[in-house]
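Quick look at what TrEMBL lists:
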type: ACT_SITE; residues: B:Asp7; note: active site
type: ACT_SITE; residues: B:Glu68; note: active site
type: ACT_SITE; residues: B:Asp141; note: active site
type: BINDING; residues: B:Asp7, B:Asp141; note: Mg(2+) 1 binding site
type: BINDING; residues: B:Glu68; note: Mg(2+) 2 binding site
2 protein chains.
Amino acid sequence: MRVLGVDPGLTRCGVGVVEGVAGRPLTMVGVGVVRTPPDAELGHRLVAVEQGIEQWLDEHRPEFVAVERVFSQHNVQTVMGTAQASAVAMLCAARRGIPVALHTPSEVKAAVTGSGRADKAQVGAMVTRLLRLSAPPKPADAADALALAICHIWRAPAQNRLQQAVALHAANATKGRTA
Amino acid sequence: MRVLGVDPGLTRCGVGVVEGVAGRPLTMVGVGVVRTPPDAELGHRLVAVEQGIEQWLDEHRPEFVAVERVFSQHNVQTVMGTAQASAVAMLCAARRGIPVALHTPSEVKAAVTGSGRADKAQVGAMVTRLLRLSAPPKPADAADALALAICHIWRAPAQNRLQQAVALHAANATKGRTA
């Protein structure tokens, strides 16, 4: 199972691709950050996020996309940007027929650290360990994107198997290759 | 000046095209609602909004797109959907190089009724009168989209003239026609 995790944001949108199945060691396929200039017009920033996500989808052909579920109890301005960036990520995936899953920050933290209230350093440390990296991915948005992908692989219940088979079949039919 | 107003929403996204300049009678070019099924997956709903907005841009070739600015003081779930739908509308416009403007609900109400606290019926009545329609557009989202377009035409300051000339030039260069 190859999953693209997206930690949505307009200034920094974390992206990370992880491959593997629950119960087996996982592999990091790629990690990075899609950045857009804070002083650019909102419309142009959204276009830049779209182009960045499209590149990651083109290059890594994930079978699933896991996006952080946005809540609005935080800073108003940040939340709007996060919601808008997450909309673009979901749109890009859905347009290709890739199943999109949303996971809350606490679900992600609980999945990789055992605690839904773990801090960023703890998440970074566990991502580093679980993916057998030499150092924690920087910035935190990149590590969070990997954590989202790991969370999705581990949380994927048995009933996802059918959905996965359908997605794989569609990917093969469209692209003539398996990721 | 031809403006597409967008009252963003996932269930009902109001769209209205108005043509004219400040100080002269305005003309309604088209009005409608892009709907997506509430029980569909979020990613698919965003794709449906994108397809709907694209159709309106293709058909009416607006020089400007005016989108309602989303605030997060309202119902959390609704605001997220509104922010996501508005992101898709802004993305579609920016991708084509069409300038996007955001107007707050009170700016729109003040523009068309003289009061920033006017109710929906008052906005509908003024939109009907200003565009010389036989009846208020239904649903309210459609009327709000027209009000947004009117607001944009009336608020467009002199310094927008350059931006408009650039947009017209780009539209002519791309499409070989003027809307």
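Yeah, the Cβs are placed from backbone N, Cα and C, and that goes for glycine too.
Just so you know, TrEMBL annotations are computer predictions that nobody has curated.
It should be emphasised that the depicted structure is a prediction, and the values quoted were computed from it without experimental measurement.
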Packing count at B:Asp7 (active site) (other Cβ atoms within 10 Å of its Cβ): 29
Neighbour count (Cβ, 10 Å) for B:Glu68 (active site): 27
Other CB atoms, at most 10 A from the CB of B:Asp141 (active site): 25
